[in-house]
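So the structure is just underneath, and the comments pick up after that.
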Amino acid sequence: MFQTLYSYFWWERLWLPANLTWADLEDRDGRVYAKASDLYITLPLAFLFLVVRHLFETYVATPLAGLLNVKEKVRLKATPNAVLEKFYATTTKHPKQADVETLSKKSGCTVRQVERWFRRRRNQDRPSLLKKFREASWRFTFYLLAFIAGMAKPWFYDLREVWKGYPIQSMLPSQYWYYMIELSFYWSLLFSIASDVKRKDFKEQIIHHVATIILISFSWFANYIRAGTLIMALHDSSDYLLESAKMFNYAGWRNTCNNIFIVFAAVFIVTRLVILPFWIMHCTVVYPLDLYPAFFGYYFFNFMMVVLQSLHIFWAYLIIRMAQNESPPISFPLKVVEDERSDRDETDNSEEEEEAAKNGPLSNGHPVLNNNHRKTD
């Protein structure tokens, strides 16, 4: 049965145009072609990426955060309370008003104290500013290097070159490593997504990573390598700008963050909503039909492109919505970086007033410290 499923899965008509077989793509005369078995190496490479990332964040990103004066916010800790902790861990982190009143009776706290406890407890679980900075630094470094490598391909400037000689297109060593590294990186993102900073578009990120992995893998199987490198380079062109904007935002360089994010927004919209659908997808939908009749692989590849394009429209909508809602326009990047995809610490004016009454006047939400004595909650 396994052999039957294996035969159906690798049926040539699924992956290759008519009148072409796997034998036509066997290495010969010094010409090397993509093989499915090549992708096995991406899984151990993905775990190697996780190790390299840990070393990078520890020995590069952390010292860089110190140089840029990335400062952590002072967070008030929730007072230990077994009743509230059990409800928080097993039921919900956001209790309804009826739940708050019930918990108030069970815990012996007032309603306000219960609400404050949940706010502080949620803030405790939110990732630190340093964690966010380290993640952004890692992704910025990879996307920038990958974009530079992707721009070196000749078919980036002449889309007709993508299909020249297809499907009998031999593979260069640079193409092999570009594919292996890109695919391994996205596997590592998928493996670490549960422990990374959780953003509001968490589900969309999972869909994006899975769709990207499928698209890269399939393009390798079907020898769509030139089209695949083109698409990956196009995506990397704006991603490193977003990550650099986040880094400067976490460091408090607001004007620099704003300016970079404006560039990112422009590059994102031009590349993902103009170049990708009207140039790249035109290249993958129209040009191949001049060489061979449409087959399953042709339809599947372009279907996955449509999935990615749908995600691009969703993210572009978030960017444009923030640009419209915020005044003056120059400040909208911070709203996108902080609000649209990241959870921020919760604050409450009544709580600040209580802290002021207890600890004295507040400055930027924190007590003013006098006589070199630090006040604690």
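Cβ atoms here come from the backbone N, Cα and C positions, even for glycine.
As recorded in TrEMBL, the features of this protein are as follows:
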- 69-129: DNA-binding region (DNA_BIND)
- 345-355: compositional bias 'Acidic residues' (COMPBIAS)
- 67-128: domain 'Homeobox' (DOMAIN)
- 131-328: domain 'TLC' (DOMAIN)
- 334-377: region 'Disordered' (REGION)
- 39-56: transmembrane segment (TRANSMEM)
- 136-156: transmembrane segment (TRANSMEM)
- 176-194: transmembrane segment (TRANSMEM)
- 260-287: transmembrane segment (TRANSMEM)
- 299-320: transmembrane segment (TRANSMEM)
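If you count C-beta pairs under 8 angstroms between the transmembrane segment (176-194) and each of 39-56, 260-287, 299-320, the highest count goes to 39-56. Packing against the transmembrane segment (299-320) from elsewhere in the chain are residues 201, 204, 207-208, 211-212, 214-215, 218-219, 222, 224, 227, 231, 265, 268-269, 272-273, 276-277, 281, 284-285, 336, 340-341: each is 6 or more residues past its ends and has a CB under 8 Å from a CB in it. Using a Cβ-Cβ cut-off under 8 Å and counting only residues 6 or more beyond its ends in the same chain, the transmembrane segment (39-56) has close neighbours at 137-138, 141, 180-181, 183-185, 187-188, 191-192, 217, 220. Using DSSP to sort the residues of the DNA-binding region (69-129) gives these counts of helix, strand and coil: 36 helix, 0 strand, 25 coil. Taken together, the residues of the DNA-binding region (69-129) have an average pLDDT of 85.
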